[in-house]
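Heads up, the thing below is written out as structure tokens.
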């Protein structure tokens, strides 16, 4: 009876505290909340005396959290109400305008080839230079991206990338010959290289850990969208007008950057602690308690700053070797598994297999966008590693199906089945790539590098990515001439090696702060 009365008294105490918490206003709000939470913990131990004695410290903490949710839903609702991610979403939307611009640049040359050659009287060699010089510009931009982001900040680097892309599109629009055309293409390529590194890093550094994967994956989604829209508009608009449409995302980006905060982690790195706290509070909401997150970031930054200033060769120190190997290795898996060879020549692959190139290209573009959207929904629930493993298995299957298609056509065996196998193989490959390998390497690249080497390491990983894109697009036709089915068997072997690499080297980063991830890997 006495125990029952005690429990009733405890419950009354909890209800009283709940009512008081809902009425608290003014500067002492957070201090009063902390005291009340202590009372709630004391009440919990009275309600559950046996579990408090038997449980370990970790179990006690978990029990308190679970009990608080059950016994006081009003408190839970009030606490959740304090979290306001509006500025995080707005900042992400601004940053992925750069991702969309990247995709627009990449998708421009395919639908405009015949019109540009006819209007400017370009030879095939001159147009090939125009198309391929983009990747050289992107490699230069990738090399510079880390340094630009470290010196001028993430927002400053995005402005620089947008400025180069804008200048490039204007040069292409006004071009009357091959030289200004190539200069414009080189300039847009440089901006692409900057965007490809800075956009996902900026998003990862501003996002709370439970949203980081999905928001960073939006980078890849907007690249796919930019490419697809460029393909579609290229069939409807003159090539000069299509170039002008590339100015729109750059303009939105440049204007939008005035309304979003800088990366708090970069501000902490350069010692602007007042601006760091203001940025973090703006991102999390004015009523949010950011003290724990701010302390974690500052402690980690201070630990890194005690180390000697990093140089390029420091990337290969034992301390950082694992993170660099993971970041660069994932980019190798992404690019050398055949994606850019397949995407650049999708139409010709379908035609070679006896299927309509136009229909195949449309199916390719739609499927890529749809599956990338699904990736956004699952990357923070399923995790990075499971997605990229399933993706790699799908890449192997897609390559083998396509290889069988070309083998049948080459040797005249079951020729009627070749087109269906080719379409199935390419679409399986496309869906598998969009499901994980397209976005996850960029997500993990933005997560695993400590901020003191992030510029150099991220620049190296991005450079490897663009070098792989150029290598695959340059060698694809030569490989297809050598052996059509052998080309896809080779890509299948690379993707199989990628599966082994992921199993052995790649950690799971879902649900952990950047500081926790980096401390675990870089030891």
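Each Cβ is built from the backbone N, Cα and C atoms, and glycine gets one as well.
Summarising the annotation, TrEMBL assigns transmembrane segment to 86-109 (among others).
Residues or ranges marked as domain 'Major facilitator superfamily (MFS) profile' by TrEMBL: 87-510.
Remote same-chain partners of the transmembrane segment (129-149), defined as residues 6 or more beyond its termini with a Cβ less than 8 Å from a stretch Cβ, comprise 105-106, 109, 113, 116, 122, 156-157, 160-161, 164, 178, 181-182, 185-198, 201, 266, 454-460, 462-463, 465-467, 469-470, 473-474. The transmembrane segment annotation in TrEMBL covers 129-149 (among others).
What TrEMBL records for 156-175 (among others) is transmembrane segment.
What TrEMBL lists as transmembrane segment is 187-207 (among others).
Feature annotation from TrEMBL assigns transmembrane segment to 214-233 (among others). Tertiary proximity for the transmembrane segment (214-233) is limited to same-chain residues at least six positions away from its ends with a CB under 8 Å from its CB atoms, namely 88-89, 92, 95-97, 99-108, 110-111, 199-200, 203-204, 207, 242, 245, 249, 343, 361, 365-366, 368-369, 372-373, 375-377, 379-380, 434, 438-440, 442-443, 446.
Sequence-distant contacts of the transmembrane segment (239-260) (same chain, at least 6 residues past either end, Cβ-Cβ under 8 Å): 87, 90-91, 93-95, 97-98, 100-101, 104-105, 108, 111-112, 115-116, 119, 155, 158-159, 162-163, 165-166, 169-170, 172-173, 188, 226, 230, 233. Look at TrEMBL and you will find 239-260 (among others) tagged as transmembrane segment.
Residues 314, 388, 392, 395, 399, 429, 433, 437-438, 440-441, 444-445, 448-450, 453, 457-458, 460-462, 464-465, 467-469, 471-472, 487-488, 491, 494-495, 498, 501-502, 505-507, 518, 521-522 of the same chain lie 6 or more positions beyond the ends of the transmembrane segment (320-339) yet place their CB under 8 Å from a CB of it. Residues annotated as transmembrane segment in TrEMBL: 320-339 (among others).
Here the transmembrane segment (359-379) has long-range neighbours at 213-214, 217-218, 220-221, 224-225, 227-228, 231-232, 343, 346-347, 349-350, 387, 423, 426-427, 430-431, 433-436, 438-440, 443, 510, meaning same-chain residues at least 6 beyond its ends whose C-beta is under 8 angstroms from one of its own. Residues or ranges marked as transmembrane segment by TrEMBL: 359-379 (among others).
Per TrEMBL, the feature transmembrane segment maps to 386-408 (among others).
The feature transmembrane segment is assigned by TrEMBL to 420-444 (among others).
If you look up TrEMBL, you'll see 456-476 (among others) marked as transmembrane segment. If one looks beyond the transmembrane segment (456-476) by at least 6 residues along the same chain, the residues whose Cβ comes under 8 Å of a Cβ in the stretch are 132, 135-136, 138-139, 142-147, 149, 193, 196-197, 201, 310, 312, 314-315, 320, 323-324, 327-328, 330-332, 334-336, 338-342, 344-345, 441, 445-446, 449, 487.
The transmembrane segment feature in TrEMBL is assigned to 488-506 (among others). Through the fold, the transmembrane segment (488-506) approaches residues 322, 325-326, 329-330, 332-333, 336-338, 341, 384-385, 388-389, 392-393, 395-396, 399-400, 402-403, 406, 425, 444, 479 of its own chain, all at least 6 residues removed from its boundaries and within a Cβ separation under 8 Å.
Within the same chain, residues 88, 91-92, 95-96, 98-99, 101-102, 105-106, 133-146, 148-149, 154-155, 157-158, 160-165, 167-169, 171-172, 215-216, 218-219, 246, 261, 263-266, 283, 442-443, 445-447, 454, 458-459, 461-462, 465-466, 514 sit at least 6 positions outside the transmembrane segment (187-207) and bring their C-beta atoms closer than 8 Å to a C-beta of that stretch. Residues 95, 98, 101, 105, 120, 141, 145, 148-149, 181, 183-192, 194-195, 198-199, 202, 240, 243-244, 246-247, 250-251, 253-254, 257 of the same chain, all 6+ positions outside the transmembrane segment (156-175), place their C-beta atoms under 8 angstroms from a C-beta of that stretch. Counted over residue pairs separated by six or more positions, the transmembrane segment (386-408) shares at least 3 Cβ pairs under 8 angstroms with the transmembrane segment (420-444), which defines the two as touching. For the transmembrane segment (420-444), same-chain residues at least 6 beyond its ends with a Cβ under 8 Å from one of its own Cβ atoms are 196, 200, 204, 212-213, 216-217, 219-221, 224, 326-327, 330-331, 333-334, 337-339, 342, 346, 349-350, 352-355, 360, 363-364, 367-372, 374-376, 379, 384, 387-395, 397-406, 408, 465, 488, 506, 509. On the 0 to 100 pLDDT scale, the domain 'Major facilitator superfamily (MFS) profile' (87-510) averages 89 in this prediction.
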